[in-house]
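This report refers to the structure that appears directly beneath it.
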Amino acid sequence: MIGKRITGNYKLDAKNSAYLAHHTVDGLGKVANSGSTVSTTELVHLDLTVPWILAVLIRNLLNIAEGRCPPQSFTSEAADTHAYQLDELRPRWPSISPCPLVDTIMDPRTNWYNEAVDRLRDAQFPMLKDSIYLDHAGTTLPSKALLDEFAAELTSVLYGNPHSGSLPSQLSTDKVDDVRLRLLEFFNADPDDYDLVFVANATAGIKLVLDGLRNAPDGFNYVYHQACHTSLVGMREEAKHSLCVTDEQVERWIHGDMPIKDESSTTTLFSYTAQSHMNGRRYPTSWARDIKAAHPIYTLLDAASLGATSQLNMSDPNFLADFVVLSLYKIFGFPDLGILLVRKSAERVFDQRQYFGGGTVDMVVVGREQWHARKTSSLHERLEDGTLPFHNIIAAGIALKTHMSLFGSMDQVSRHMAYLTHLLYTGLEKLRHGNGHAVCTLYTPNPASESTGPVMAFNMKNSLCAWITLGEFEKLAIINKVHVRTGGLCSPGDIAATLDLQPWEMRKNFSAGFRCGLDNDVMNGKPVGVIRASLGAMSVKADVDGFLAFIREFFVEVNPPQLPEELPIPANLTGKPSLRVRAITVYPIKSCGGFTVPAGMDWPIRSEGLAWDREWCLLHKGSGQALSQKRYPRMVLLRPTLDFENGVLRIHSQGGLKSISIPLSADPSYLDISVRQTKSRVCGEEITAQMYKSEELNDFFSQALGVPCVLARFPPGGRGLGSRLNKAKMQKHQQADKAQRLLPGSFPDDVPSPPDSDSELTKAPAKILLSNESPILMIHSASLDALNEAIAQHGGPPATEAAFRANIILEGPRDTEGWDERPAYSEDTWRRLRIGTQSFSLLGACRRCQMVCVDQETGARKQEPLATLSKTRRFDGKIYFGAHMKHDEVDSSSQANQHPTIRVGEPVVVDG
């Protein structure tokens, strides 16, 4: 028998004798009271079996009753403890002897209960030996007692299929009915108000509710909270209208603001989770009551996470959910079984359900006539299609008993979880690197200030504030027998809200190769998943301590390297800053207008150049060639705006057409089946681009330019014809002795042709998107000033910065004190730049063509500045202005290197 047997004669009053008998296992207690007066203390004979976790507490109190003082701490073999709050016990167990009850013995915030659980682990959970298991939110672990008793039951009792009429089958039917009733009692669900349906898992329960709703005569509207599990989110695909809501929107809904204003459907379902699967945050079970009071809707509550370690009290007047799903393996570890609890007032939802399976009908007619009669005596008979998993249901009955025998009540388990959650939260929060930077970024609410379950979600950073990848963490965890879960945790809304991932970013990450379960879990400087450590009934303080010790050993840097701003700078980049970034511009659509990066905004840098630069192009419908301002100068009138809040690229035409929007997600084939791959040519090079077939989209561009064209995309990260390489190289005029190149526009006579070093021959070329030659184009404002002085000598109009379509414009300081000045065209001699914390290599001068003569405001063609450049900046028959460069990628040990960015105003140090 599971539990502890207590026998002997004790002096107790009748009230406390009754209490003891009430807490026996399976009612096996025998209490013989020699007296009949409740108010007097009489000799009581005890022979009972109590939950293991209660045994020593009772023995201790019985010792008090006999006048013997208990030890102040429990170190004996019998120290199997219980953790009822002291104020709960005093009315039941008055102190008879002079020895007082000690708070520290009873308080669950001490080790008393924890030590009792620790003592039973070797015998009941041997699979935990030498392991730290913190994935109880996925599944908790079955006890040896449960599995042993289940095996004994099946090998000693003959059970048959419940659909048969044999005696073994009747035994199965009786056992199923018994377990169904006991589970309703376990969740405090009145059988008059709720029916319990056995399902494979919580997801199967959700699908069963969907089966009832999908055939509603006018469809159904679906509202779901952003913390919902993926299985709840999936219901939206069959709803007439669906909407994801935040806490604030739910509160507005409660006060009368209907989120979906569609009166054509009279059926609305609201789904939410009682406890987040991602971070343990708890949501009010009263939401169902409050919303139903304001609107005639159905509510579906996912209680799988909350019910695993907390008492679900469905008799609470605040608890008015129509449908509740749970997973028994999350509570007991075994069996693998789910349940759907249905409020009987909501049973009519299933009246429209079409499918019927074996066991759910009283009669079926086939052949010429098709007719059937469903069972009507109870809802579960109508919904439990086919043979029930009766062996699993029998196991569930045993699990109820053994769980109580080992751990006591669910309230007690919940208090133990609160104790361990507090230890885990504070332990992670206090972890610091040697430089004082926090190790963990916690996403679970502080359990001291907010209702939180035993689920801890977090990410980690190294001492330089760079994210530690989940893949790196998991590899070390596995070899150290630390078992947690990492990734998106089937909580897409919680993950997106917590990690500030916009929908377009998530689709872009998917297109760039991210998938659930893969290692590429830090993208564009943001983590796309979390580490989740979750506790269960058999967790103990040693698990928390061991997990914290593991993180300290492998991820806390006691002697960290210097911070990014103190990192050693190459000797040739240690001088004073001589320039600053005056402007940053990207050109999302090749040859169209530019988007100026706002001051103060960190702009991401990637291997192909600045983010969002030249990812799209317009292709001629006939030839497939990419359009260019050389032939179609009106392209400058197409003005882009990057709208990150809504995840779109907006295009406005100065010709008066309405603006259009294009999703920023990197691969539109995942968004619109009307997208296909097509071959094209850019600068004479064959590429494979993703072509949009939307007539509205392509008509917009065709009308704006007066030429039949289609929009295509060439996203980063491609291979083969889906990628291009840098074409820029150092020119002869850039390889002479620096002393010969001090005069603006002058070129040396004797120029060596080989590169300055062998490294230039062996460096791998940089990747580019749809730019002509290089990842990034830069111009120097001093050089533009010199050019305009030369133009002015001939009476021509000054050239604008926009004419050169540069990504980065550098300028000298307004106040030259403490700065090195850089003369015009000195960029010809530069080899490297350091902008802020990022390094760049110069690839060569930029060749210029007649496109610089297109007025970037009007699209009109002019003679300047090409006419003057041809006289001042021509070499070997080619004209040069500005410089090509690429970002120098380094290891991602610091935050700055993990997510490199550039911003307007940053200082520039020059090598050259």
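We count from 1, first residue shown onward.
Every residue gets a Cβ built from N, Cα and C, even glycine.
The N6-(pyridoxal phosphate)lysine annotation in TrEMBL covers LYS330. For LYS330 (N6-(pyridoxal phosphate)lysine), the Cβ neighbour count at a 10 Å cut-off comes to 24, with all displayed protein chains included.
What TrEMBL lists as active site is CYS490. According to DSSP, CYS490 (active site) is assigned to coil rather than to any helix or strand.
Taken from TrEMBL, the feature region 'Disordered' applies to 742-762 (among others).
The domain 'MOSC' feature in TrEMBL is assigned to 750-911.
The region 'Disordered' annotation in TrEMBL covers 888-912 (among others).
Confidence in the domain 'MOSC' (750-911), given as mean pLDDT, stands at 81. Close to CYS490 (active site) in the fold, though at least 6 residues off in sequence, lie HIS229, THR230, SER231, HIS277, each with a CB less than 8 Å from its CB. In the three-state DSSP reading, LYS330 (N6-(pyridoxal phosphate)lysine) counts as helix.
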